Amino acid sequence: MPVAAQVVVNGASNGAAVDNEFLQGITNKGLRAVLAQVQERDPHQPEFLAAVKEVATALAVLSARCCPQPVFDRRPEPVFEKRPEMLPVFGMMCEPERAIVFRVPWLDDAGNLRVNRGYRVQFSSAIGPYKGGLRFRKDLTLSVIKFLGFEQMFKNALTTLPMGAGKGGSDFDPKDKSDAEIQRFCQSFMTELYRHIGAHTDVPAGDIGVGGREIGYLFGQYKRITALHTGALTGKGLDYGGSQIRPEATGFGTVIFALAVLKDEGKSLKGKRCIVTGSGNVAQYCVMKLLEEGATVLAMSDSLGYVYKPDGFTMADLEQVMAIKSRHSGKLRDFKAPGAQYVEGRKPWELNVPVDMAYPCATQHELNLEDATNLFKNGCKYVFEGANMPSTDRAIAFFHKNGVVFGNGKAANAGGVAVSGLEMSQNRIGLQWSREEVEAKLTDIMNTIYRTAKVIGFREDRLNFDCLQRCTMNTIYRTAKAASIEYNTTLDAGANIAAFLRVGEAVLAQGAV
Ligand SMILES: NC(=O)c1ccc[n+]([C@@H]2O[C@H](COP(=O)([O-])OP(=O)(O)OC[C@H]3O[C@@H](n4cnc5c(N)ncnc54)[C@H](O)[C@@H]3O)[C@@H](O)[C@H]2O)c1
């Protein structure tokens, strides 16, 4: 019996968990017990619980019913029925290896002492050093960091690169701060964080509120304290160890992923009517790539409202958005262009115009059931998540039920961390690859993620799981392709399963640590 089969996550042997919304739809007794314990441990972490539930549903429920036509001689089995030893591994993966919470004191411009809370959650080092961004946002909580770290674990596994998972940040709001205040804050933040990170242990990057400027200040302080010019952070400037395409990678990657899906259907992005939410890093480059591919971008948004342009944003419009957003407290309501309409306090999902595709690129749970219903009513057939967990579980269930192609964030926005991984590689070998080289590698990785998600999403019964133990995802793709497996659509379940098995196998191989 594999070692992990004997690992009993506290409470996992008790299948009599009391039903509540969190457990709804889960029938596997052992999994119910694991989930009940996760909920009992952290009942006040809704974002984290939602992320765990999403993966559990993909592993136990979707994988049991995602084969619409019985092409093969037996129906797909839920992962935990086929691989029961993986259940305690899943329970273990729901608990981060380490969660560090620290004080960040700094002086504002008026000389007042301010204190924020800093976090670094090191979720999993199963397949490589902890890797994941830092978020600076006023309402940041441990629950949000944990959900992001949990998702990161699966996303990083999908990239095929050797990266574990972590996430961190602070409840610091950079929006109303001066440049000097942000610099002092970053230096204080790193003065604590530096002892927990390093090129071979934990490699943070940016996220909401942490862009190139903040990474520069953080890296400078890291180097000053440690006297090491190593790749302990990614998202660095090109002049001091950064990678080509890193700022573009997440948004570009989401569209490259969409292109792979459309290509399989013999379609292109030309003329596709798209709604993109957000107007930060991910949204900007998502829009740029969509425009390059001939799509029509009808709307962009920020936390205060959205801009609707009936005949679509142009590259000049995008440049204006980028200029507005590069200012400290730039707001989309300042955007001006002929025909553009600004709608305060609303989300663009409510637009009643024909829509082909939605790209939520702003923040978690920004697309709910009502939004999903409206999008579908207006003709939307594809949703690709540039942001992390932007769709609620009810919205996702609606997409599945109505045949909307759903590229979940773990797969569709993995381009950012993939290029971060490439930045780590470049730092280790002391080279800087060209833009073309990095973009080719990014395209290859996004295509591989899509293939893997698609193959496993519908045909996991057909895949030899021993193969997963030994092979990279590229090989799985080739194996699957060679077997002429017909692809189908539940990409999100496939992405979750493929990623879970990669991390789970690594955990088992290392003695369930
Ligand atoms: N930056 C990356 O490489 C990367 C990688 C993977 C995933 N993500 C995810 O993508 C999302 C966006 O990250 P980013 O790096 O673009 O951040 P960013 O700080 O550059 O931009 C975030 C944007 O979203 C807007 N926003 C915030 N709340 C909103 C709301 N409720 N409705 C509409 N707009 C809102 C903000 O005004 C801002 O324009 C996050 O979920 C992040 O975790 C980012």
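Note: Cβ is positioned from N, Cα and C throughout, glycine not excepted.
Note that the coordinates shown come from a computational prediction; the quantities given were computed from them, not determined experimentally.
Among the candidates Gly91, Gly206, Gly379, the residue that TrEMBL names alongside Lys131, Gln152, Lys155, Ser420 for the substrate site is Gly206. Those same-chain residues not listed among Lys131, Gln152, Lys155, Gly206, Ser420 yet with C-beta within 8 angstroms of the centroid of the substrate site C-beta atoms are Gly132, Gly133, Asn156, Met163, Ala165, Lys167, Ala205, Thr234, Gly416, Val417. For Asp207 (site 'Important for catalysis'), applying a Cβ distance below 8 Å and a minimum sequence separation of six or more within one chain yields Gly133, Leu134, Arg135, Leu148, Lys167, Gly169. Long-range Cβ proximity for Lys155 (substrate binding site), meaning a same-chain Cβ under 8 A and a gap of 6 or more residues, is found for Ala165, Gly409, Lys410, Ala411, Asn413, Ala414, Val417, Ala499.
Taking Cβ-Cβ distances under 8 Å and a sequence gap of 6 or more within the same chain, the neighbours of Asn281 (NAD(+) binding site) are Gly206, Gly211, Pro247, Thr250, Gly251. Counting only same-chain residues six or more apart in sequence, the Cβ atoms lying under 8 angstroms from the Cβ of Ser420 (substrate binding site) belong to Lys131, Met163, Val203, Ala205, Thr234, Gly235, Ser243, Arg246, Ala249. DSSP gives Ser420 (substrate binding site) a helix state. Long-range Cβ contacts of Gln152 (substrate binding site) within its own chain (separation 6+, distance under 8 Å): Phe123, Lys131, Gly132, Ala165, Gly166, Lys167, Val417. Pairwise Cα distances among Lys131, Gln152, Lys155, Gly206, Ser420, the recorded substrate-binding residues, top out at 16 Å.
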